[in-house]
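Per TrEMBL, iminosuccinate binding site is recorded for His67, Ser85, Tyr156, Val157, Asn158, Ser173, His242, Pro243, Glu244, Thr259. Residues or ranges marked as [4Fe-4S] cluster binding site in TrEMBL: Cys130, Cys216, Cys302.
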Amino acid sequence: MLDQIALRAELADHYDLSPSLKTAEATADIYARMSRVVSPPDWAVFAPYVAAINRLKAERNAVILAHNYMTPEIYHGVADVVGDSLQLAIEATEVNAEVIVQCGVHFMAETAKILNPGKTVLIPDSEAGCSLAESITAEGIAEMRAKYPGAPVVSYVNTTAEVKAASDICCTSSNAAQIVAAQESDTVIMTPDRYLARNVARQVPEKRIVWWEGACVVHERFTAQELREFREWNPGTRIIAHPECPPEVVAEADFSGSTSGIIAYVQHERPEKAMLVTECSMASNISDELPEVEFIGPCNMCPYMKKITLEKILWSLHSMQGAVEVDPGIADRARLAVQRMIDLSRRLAG
Ligand code: 13P
Ligand code: SF4
């Protein structure tokens, strides 16, 4: 566990991190990307961290990969690459830098390490977990295989390296239906998200899909009733849901897709009012780019993603602590499952 007090004292010894109007002004071009959602006083606090991180990134030959759920000051301020899980996994195969800082949750950093065994992969807070990744172990996969002999195991990337190593292929929310449809067997095991599996089952009715009973603590909280009420109170609202939501929630939505799929849909459709049925930062990150779209609630916060802060990013680049390690034997087998997904995704995309 990070000692926040010691960390703060060490950073204060090396960097001037006090709120600074001068640094805020010098970074006005960066601030312009989030001025609708970050107030000027808040930017005066964030700007010295952003400037220090961007300087240190160059010194360390590091690249920052950030998930779409990062807060705006991370997403727009320090990230080199932003995206959904599939995009981040693909980008991780193409990185030239010696150091990767993964601003996301632990399974994402593990995936980057699996794909880059020779590079240093840092996660700013190793306790940034995921309720889905924590819901299943390799024993769980063995249990499913024993129950459904011969059925291939398609595991969501939201799993540990050990679980990926025990699976046949991975999937993400942007390619799950295609990966399942491409399996030869009539029965397919999907782990660990019961809602993603049920949403995929509706898209791929020709397959018998069996699933593990995991769920995302953020998306399982949305209800169909809540969406119906929002539509009634805000006629004309376009509702867009992530496929980790329960199927009855997805059924109420106008569109369902991965986090990047959601962003692309709003960028293309530009509805007057949009409700993103997913993590809160998503709407904040695209607010400045789409001022004509009014984003209305509700949103739920991912407590794991929110463990990643500017302060911890600066700390990890400064101290080079928090390097992710994966047992080489497990990494080799997990890489097969991730690489099969990437290759199949590319083939299917033509
Ligand atoms: P995406 O692959 O859609 O970004 O989803 C990752 C995730 O953790 C959503 O909760
Ligand atoms: Fe995991 Fe849900 Fe958080 Fe995504 S939003 S990292 S699935 S807990």
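Including glycine, each Cβ sits where the backbone N, Cα and C put it.
Heads up, TrEMBL stuff is auto-annotated, nobody curated it.
Here the features listed in TrEMBL are painted onto the structure.
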residue	record	Cβ neighbours (10 Å)
His67	iminosuccinate binding site	26
Cys130	[4Fe-4S] cluster binding site	25
Tyr156	iminosuccinate binding site	29
Asn158	iminosuccinate binding site	28
Cys216	[4Fe-4S] cluster binding site	25
His242	iminosuccinate binding site	28
Glu244	iminosuccinate binding site	29
Cys302	[4Fe-4S] cluster binding site	21
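In terms of Cα spacing, the binding-site residues His67, Tyr156, His242 all stay beyond 10 Å of Cys216 ([4Fe-4S] cluster binding site). Taking the C-alpha positions, the distance from His67 (iminosuccinate binding site) to Cys130 ([4Fe-4S] cluster binding site) comes to 13 Å. Less than 6 Å separates the Cβ from ligand 2 in the case of none of the binding-site residues His67, Tyr156, His242.
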